[in-house]
């Protein structure tokens with residue numbers, strides 16, 4: 001049976017989860033190419049992989065490992081909080097295994113409670129499986145009703161548990177030759193449509209899965225021998241100590257791993273000690289285009305992550321260049337709201353030949369305000385998050401580049417801070433279009449009423465922020481910046497812009 005950590009707090013059962021919050025989580029998995037020994041225990045790799053994805057979720061973290069042997073023992077550790085605070089050295093050492101999956105989370109369906117921490121572990125006809133999910137199901141309510149009517153008990157308020165339960169169902173084609181995980185996963189994909197990236201662990205295998213629209217990211221890497229990382233052996237070596245799979249490639253570098261490729265939209269990839277094997281690609285309905293979330297480029301991903309063959313920082317620089325073309329301004333200096341807007345700000349400055357200087361010092365020990373689960377925490381985060389570099393801007397006109405504006409809490413506080421500390425003018429330029437529509441596919445964009453672009457007319461928004469002017473990048477400008485780097489992609493690409501345009505790739509089936 002799966003081992004539970006003493007850190008898993010008691011909870012009150014809730015299936016509500018109807019707060020309107022959305023999810024942006026991080027997945028990480030590792031599969032050793034060798035047999036288990038104390039020296040070959042990969043729990044530290046799993047732990048560090050999650051640390052590299054901490055920006056994707058800061059409420060809770062979980063890890064599940066196994067040696068992949070016939071005894072089928074899963075060891076689980078889950079806790080609230082940041083990864084480094086959630087797990088002690090003893091916790092990590094006790095997660096013995098040659099493969100494992102992990103998850104960092106903040107809440108969407110289901111409250112911010114220990115019972116909703118992933119990965120989930122359940123027993124199937126063929127033994128234990130562990131599942132970690134990034135995304136949000138567009139038909140979660142209907143699936144929940146269907147499972148409950150069939151007598152399936154649910155223990156959490158997370159829509160991710162629905163995926164776990166669907167995976168335990170016998171596929172339509174049956175299992176005459178034993179476990180048919182491709183069949184089970186395909187059946188689950190037919191029931192769920194979107195949005196998900198998944199890691200599914202069973203015995204000595206991990207299955208990496210993206211929904212057919214490729215809405216949420218997932219990629220594969222290989223852990224290189226230490227000599228290759230330290231320069232004592234050719235970095236081009238084909239030797240591989242472990243296969244890795246993660247929401248973002250940025251976490252590979254700190255581990256001494258090499259990026260291999262993305263999991264394709266609709267692809268089911270089997271990973272075991274012998275390698276990575278593409279088993280199936282589930283097509284999209286009516287041959288619709290892919291719909292990778294464009295907000296990954298705008299805000300969520302780390303700048304050193306690679307999506308669709310291009311680095312996120314390169315896209316953000318192009319957004320800054322396009323923004324300068326669309327909305328130049330006569331100021332003394334260009335600056336940024338650190339840190340995801342920095343590449344755009346630097347390129348904006350280069351394009352207009354205006355000096356770039358930092359005007360805000362970021363406290364890096366305060367979490368990202370956008371992904372805090374309540375308004376009070378977000379507002380307190382703004383107060384604690386930035387300090388003014390007054391000598392850089394006193395008596396000067398500033399244009400401040402931000403990556404996006406959702407509710408407007410942060411930018412209003414920053415403009416007030418800069419003007420209070422001596423800025424002559426503060427202009428705002430946003431390197432993405434106005435966010436006007438809710439997302440139900442996995443991002444924290446709550447309600448139409450909370451979005452500043454809907455509450456305040458565009459010609460009044462500068463006044464609302466206390467700024468001298470506010471201008472946004474056009475939707476066509478954002479699409480141009482993103483698509484410029486995907487021209488040579490080896491597979492079809494496409495992007496979801498629903499939160500900006502209102503054009504959803506799939507319908508939400510149970511409003």
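Placed from the backbone N, Cα and C atoms, the Cβ positions cover glycine too.
Annotation source TrEMBL lists active site, nucleophile at 25. With a 10 A radius on its CB, residue 25 (active site, nucleophile) counts 27 other CB atoms from all the protein chains.
Across the domain 'Glutamine amidotransferase type-2' (25-274), the model assigns an average pLDDT of 90. TrEMBL lists 25-274 with the feature domain 'Glutamine amidotransferase type-2'.
A simple way to gauge crowding: the CB of residue 439 ([4Fe-4S] cluster binding site) has 21 other CB atoms within 10 angstroms, across all the protein chains here. According to TrEMBL, the [4Fe-4S] cluster binding site annotation covers 293, 439, 496, 499.
Taken from TrEMBL, the feature Mg(2+) binding site covers 340, 402, 403. Every protein chain shown contributes to the tally, and the Cβ of residue 402 (Mg(2+) binding site) ends up with 22 other Cβ atoms within 10 Å.
Cβ neighbour count for residue 496 ([4Fe-4S] cluster binding site) (all protein chains, 10 Å cutoff from its Cβ): 28.
For the pair formed by residue 25 (active site, nucleophile) and residue 293 ([4Fe-4S] cluster binding site), distance between Cα atoms is given as 13 Å, rounded to the nearest Å.
Calculated from their C-alpha atoms, the gap between residue 496 ([4Fe-4S] cluster binding site) and residue 403 (Mg(2+) binding site) amounts to 17 Å.
When Cα-Cα distances from residue 340 (Mg(2+) binding site) are compared across the binding-site residues 293, 439, 499, the shortest belongs to 293. Cα of residue 499 ([4Fe-4S] cluster binding site) to Cα of residue 403 (Mg(2+) binding site): a distance of 15 Å.
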